[in-house]
Amino acid sequence: MDKSIEVMRSTGQRTNRILRFFPFLLFFLVVLFYFFWFSGYVFFYQEKLSLFLVSGEFLRENLSQPGGFLAYLGTFLTAFYRFEILGAGILSLVLLLVVWFSALIGKKIAGKPVCFLPFLVGSGLVFLHAHYQFQLVNSLGILLQLVWFYTAIRFFSGKRMWLPVLMFPVWYFLTGGFAWLFLIMISAFLATRTGKMRWIQLAVLLITAFLSFFVAKEFLFYETTKTLLQYPFSDLNAGMQTREFVLLAGLIGFFPWLFNIKFHRFTAGSALKVCWVQLLPFLVILVLAGALSQRTDRKNSHYFHVEKLFYEHKYHEIIAFNRTFPTTNKLTLFLNNLALAETGQLTERMFEFTQSPDGKTLFLKWETIGDVLRRGGHFYYTVGLVNEAHRWAYEYMVMRGYTPEGLKMLIKTELINGNYKVAARYIEILSQSVFYRNEAREFMQLLNNDEAVNNHPELGMKKRFKPKTDFFVLSDAPAANLEPLLMADSSNVFAIEYQFAWLLLQKDVSAVTEKLPLLEKAGYNRIPRHIDEAATGFKMLNMGEFPQLEYLRTKADTEQRFRQYYQIFQQNSNSREQAQRALYPQFSDTFWYYLFFN
């Protein structure tokens, strides 16, 4: 009998352990599954937003202000976001540890296992991380405060509590603005303890915290008050979810009080061995899963997939993807048009995709907003305005620091311009990264070698189309730069494609037809489809004098299709909507359809 009781007791203990640890495992797996399968674009975006360097100088730069160590650690872990599975694993582990240490703190303070608040906090962070701009450093900062707070209350009770109290200046230097969360937690903890010593420790802690900030501001660091209070946290790296994050951090800050609140346990009867409290984590995870199912941003997922393909120079895949999954996102279409231009298809296929009459799908006007500044220079690089592409990349570097693609753009433009000493410095920086050393070695082989640059399939072509004469580039009016660019080199096919594409978007049929001789000068062996459509309409409707061409002709097939288009249009001329519906199946991807219905 005693042996049977012992076996039953052992089985019950094993079951309780499984029930105690299973919610943590389930939480980890749900987070891992969600970010790997549905929100992998988060890791791509954040990995491209910073560049971790394995160098003493990079470490010294990060340690030049409070919170720099935390930022350094966050940048290091973010470097592994280059691989989605590693990114999902790292993020899931950090969030799991937040839940785990919250539970340990709850058990230490309450004297019994606490489940609900730890999983609520962890789930809240997961929800915030579903926004692509919410960075790892935020959850990492919270995790470090929880670890240090648990260490303090677990190993430094009584007089030993003086150690974490007096170490606050060091902790503030290491974790910056997140140290205030530790200050709130330890203050709340001391306030709920017994004994006179706690009030002395609390007073010393608050004075130490004030002096830490005062000395840092007045004597040590040339930073603004706001920076010293919150760095490395910022509105931008929280995805503009500051209010939600502060509320969540406030909840964590009051853990010492919340865990002291006594709740009664209720059971549903003797047959039910599991307390309702033990089921709360599963309920929280279930609610989290439902919330995450509505949180995935398909537009961002689509865009970042296209951007990833763009950086990999997989232009044909970009075009095929956008053809299969149409989009109206202007940044996505901007990259799609670059892919069309790089493959010689811009004026051949641009109206297979949504286009913006104001030109925002062709080029981006100068803005100091990060997303525009980071991407807009690629248009200038494509058409051969290498110096302007360099300026955009350099300005972004000044504003946001080194990024993988920004640094590579600076290297490429310096190599094209023959500035090998400057290029060598940038290559040296890239070689100190974790995952971009192969690219650095490839660039290194081009240093001080004009012939190698000229023969390079990408750099050589951009160098050939770089204008030989200087002119002022109008960043606020990108289209205005195409005319002087063509005057400098009428064989620049990329500038020709964009010039005609701009005129087509403006519905300037006369100008399109007038500039047809440019195609012959550049060596075109046929008129691209959309230009042909505009020229055919101009000719068949007798809109003006058609230019004399040596060998290029409008296609007979295009003329036949225009007759068919015009006939259907005339048959439905009484109703614009009816005409649009009748023409859409056959002509939605033509310039004629854009001309009449956009």
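Heads up, the Cβ atoms here are built off N, Cα and C, so glycines get one too.
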Students should find that the transmembrane segment stretch in TrEMBL, chosen from 63-80, 333-350, 369-386, is 63-80
Highest Cβ pair tally under 8 Å against the transmembrane segment (242-259), stretches 21-43, 63-80, 109-128, 140-157, lands on 109-128
The transmembrane segment (109-128) in contact with the transmembrane segment (21-43), cutoff 8 A, at least 3 CB pairs, sep 6+ = yes
Per the Cβ filter (under 8 Å) with a sequence gap of at least 6 from its ends, the transmembrane segment (85-103) is approached by 24, 27-28, 31-32, 35-36, 40, 42-43, 47, 77, 113-115, 117-119, 121-122, 125-126, 129, 136, 139-140, 142-143, 146-147, 150, 252, 255
What residues in the same chain, six or more past the boundaries of the transmembrane segment (63-80), come closer than 8 Å to it by Cβ-Cβ distance?
-> 46-47, 49-52, 86-87, 90, 94, 135-137, 140-141, 144, 172-179, 216, 221, 223, 227-228, 231-232, 433-435
